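As given in Swiss-Prot:
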{"type": "TRANSMEM", "residues": "5-25", "note": "transmembrane segment"}
{"type": "TRANSMEM", "residues": "50-70", "note": "transmembrane segment"}
{"type": "TRANSMEM", "residues": "78-98", "note": "transmembrane segment"}
{"type": "TRANSMEM", "residues": "114-133", "note": "transmembrane segment"}
{"type": "TRANSMEM", "residues": "145-165", "note": "transmembrane segment"}
{"type": "TRANSMEM", "residues": "177-197", "note": "transmembrane segment"}
{"type": "TRANSMEM", "residues": "200-220", "note": "transmembrane segment"}
{"type": "TRANSMEM", "residues": "236-256", "note": "transmembrane segment"}
{"type": "TRANSMEM", "residues": "262-282", "note": "transmembrane segment"}
{"type": "TRANSMEM", "residues": "311-331", "note": "transmembrane segment"}
Amino acid sequence: MWERIFLAAALALMITLILGPLMIPVLRVMKFGQTIREEGPKRHLAKAGTPTMGGIIFLVGIVVSALIMAEKPTSLEMVMVISAMLGYGLIGFIDDFIKVVLHRSLGLRAYQKLIGQIALALLLTWGANRYLGRGTDLVIPFTSIHLELGLFYYPFVSFIIVGITNAVNLTDGLDGLAAGTTLFSMLSYVSIATLAASQGGGVAILAYESDLAVFAAAAVGGCFGFLRFNKNPARVFMGDTGSLALGGALVGLAVLTKTELILLIIGGVYVVEAISVILQVFSYQTTGKRIFRMSPLHHHFELGGWNEWKVVMVFWLASLLCGVLGVIAYMAGMF
């Protein structure tokens, strides 16, 4: 199993590194350039026109690698997690296309995006229960306690799914930030899926569970390869195509490994980023005052004098620590 995991990461890395130099000029010629918010940090204005929608680059690497290295590429686990990633990626692609190609700055309207995200979340949770027997219970982090929610499971977990996918999207605001934080989150899921496959982890495990570890490893390789082109100064941005797809991959892994609540620990950086936006909007609308210099939180530190690379490194470290804590929370429930 470990051989397939390492090879999946290596193959996704190689494919991404090969595709990058081929795709970036194409995106540039097609004028798929990023528009920069004028109210954002002034140093970001120099990034205007940088090719976006680059998430396509690592998505190809992840999918091809995962399918080649999977024990059974057509297993329901693999089909569902890839579908979750590509489904949310498709919403992001449509959003990017409207903004960049059709020049409608806001892209998909909020309600349109939300309808698609909720529909995918309900399909994922229903499918995992109906076809893979994952159940409608939640495992409480750091324990082996299962909390049965019944039908309430679907709206509750769908709320988590939509929240996390959008939070990953919010985190994609600095060069290398979303790719790096997701890399560490995916490393956590390599560990969790491997533990689930080898020991059961206290949940109902079906055949080919190790393929989820292979998929997560491919995502690690894809994110690592993309950093070659996305680190500061970025030659390409992943766009909503990439960030929503990565969020979809994470929630797919969470639902299929029964770590829906542990995902909130592993994705702690995303959660904090999303909360910073919610608090900022609430404070401004109720008091007329802002809590942060700018939200999401990474911009607050930027406007406080931190250079972009320092912010990214601190957030990467936070993501690593959250990932380790998430794995510990999972392992604690095994004993």
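In case you wondered, yes, glycine gets a Cβ from its N, Cα and C as well.
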What parts of the chain pack near the transmembrane segment (311-331), using Cβ distances under 8 Å and only residues at least 6 beyond its ends? 141-142, 171, 174-177, 180-182, 184-185, 187-188, 191-192, 195, 201, 232, 259, 262-263, 265-269, 298, 301-302
For the transmembrane segment (50-70): best-contacting stretch of 114-133, 177-197, 236-256, 262-282, by Cβ pairs under 8 Å: 236-256
When counting C-beta pairs under 8 angstroms to the transmembrane segment (177-197), the leading stretch of 78-98, 145-165, 236-256 is 236-256
Using Cβ atoms and a strict cutoff of less than 8 Å, what residues sit near the transmembrane segment (236-256) while being 6 or more residues removed from its termini? 20, 23-24, 27, 34, 50-59, 62, 77, 80-89, 91-93, 95-96, 100, 107, 120-121, 124-125, 128, 132, 134, 157, 160-161, 164-169, 171-172, 178-179, 182, 185-186, 189, 192-193, 212, 215-216, 219, 223, 226, 229-230, 262-263, 266-267, 270
